[in-house]
Amino acid sequence: MAPIKVGINGFGRIGRIVFRNAIEHPEVEIVAVNDPFIETKYAAYMLKYDSTHGIFNGEIKQEGNDLVINGKTVKFYTERDPAAIPWKETGADYVVESTGVFTTTDKAKAHLQGGAKKVIISAPSADAPMYVMVVNEKSYDGSADVISNASCTTNCLAPLAKVINDKFGIVEGLMTTVHSYTATQKTVHGPSAKDWRGGRTAAQNIIPSSTGAAKAVGKVIPELNGKLTDMSMRVPTTNVSVVDLTARIEKGASYDEIKQAIKEAAEGPLKGVLAYTEDDVVSTDMIGNPNSSIFDAKAGISLNNNFVKLVSWYDNEWGYSRRVLDLLAHVAKVDASK
């Protein structure tokens, strides 16, 4: 099967990391990028040099208004209106919508006017169907023009919750994500009318915040709808986050039995998305890890056989971006079979 031709709208953190991941993904070829706020020369610089993930492993050039990556031309556009991006002329059948702006079905559908066939939103969506790899992607039937890859935190939590719920049954649970700061936060204390705490200096504070990850898990695993709720703690690290899932389980099990169930899933049906480690890791050890969820066997605890705290790491940039491409490849295969 020839590589799937893909366009990226929005060349921010996720857009660029999706691009870097695509170089390693044999089923995907990025043929076009659109970003109205970046000129081509600067896009090449931003792709080449990354303070978190290092220097791009390959050749990047600029030819006219286009990028040339490892000898292949990537068209570069600066359209503000998604409907005006000429995806068709680039051959891009699928578009990764990573601006964080066009996250509803109606807004993201504008890409179809430019010739795209399907749009994958790299963020949660209020109304587009959400899919998480190894959790519910098999329910995709090809009918939706716009879908969502959910959030990075949902992609970490959902595989872990699936294993625990399938094996032991989750009665109820609380999830906290200890999350690296992101571009929406402030480098110095500044105005943030809708989120006063969020306006405080990102690199100086631990900031309580909200997240919709648990609610989204209820959408991709309907049996858990209403059983989980969550919060976030934004912390002064640039990348890598960690999920703390505290749950009451129906079928009693020792912590060792729970660890074994997760290990078997990570080495079996969930391999490549869920990982398992007994090493004494810290957050920077997870930079560039392509898994969505890396269960830390030594970090968890249990109070008794029905009450347990589970800890799982995730590179909220790299691992999430890899899943965007995996979902895209899955969607393309389903579409091709129709």
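Using N, Cα and C of the backbone, Cβ positions are placed for all residues, glycine too.
Between the candidates Arg197, Arg200, Arg234, Swiss-Prot assigns the D-glyceraldehyde 3-phosphate site shared with Ser151, Cys152, Thr153, Thr182, Thr211, Gly212 to Arg234. Record check, Swiss-Prot: NAD(+) site residues include Arg13, Ile14, Arg80, Asn316, and the candidate from Asp35, Asp106, Asp296 also listed there is Asp35.
A 10 Å radius around the C-alpha of Cys152 (active site, nucleophile) takes in these binding-site residues out of Arg13, Asp35, Arg80, Arg234, Asn316, in sequence order: Asn316. Counted over all residue pairs in Arg13, Ile14, Asp35, Arg80, Asn316, the record's binders of NAD(+), the longest Cα to Cα distance measures 27 angstrom. In the three-state DSSP classification, Ser151 (D-glyceraldehyde 3-phosphate binding site) falls within coil. Checking the recorded positions (Ile14, Asp35, Arg80, His179) against Ser151 (D-glyceraldehyde 3-phosphate binding site) with a 10 Å Cα-Cα cut-off leaves nothing. Cα proximity to Thr153 (D-glyceraldehyde 3-phosphate binding site) (within 10 Å) is found for the following binding-site residues from Arg13, Ile14, Arg80, Asn316: Asn316. Under the three-state DSSP scheme, Asn316 (NAD(+) binding site) falls in the coil class.
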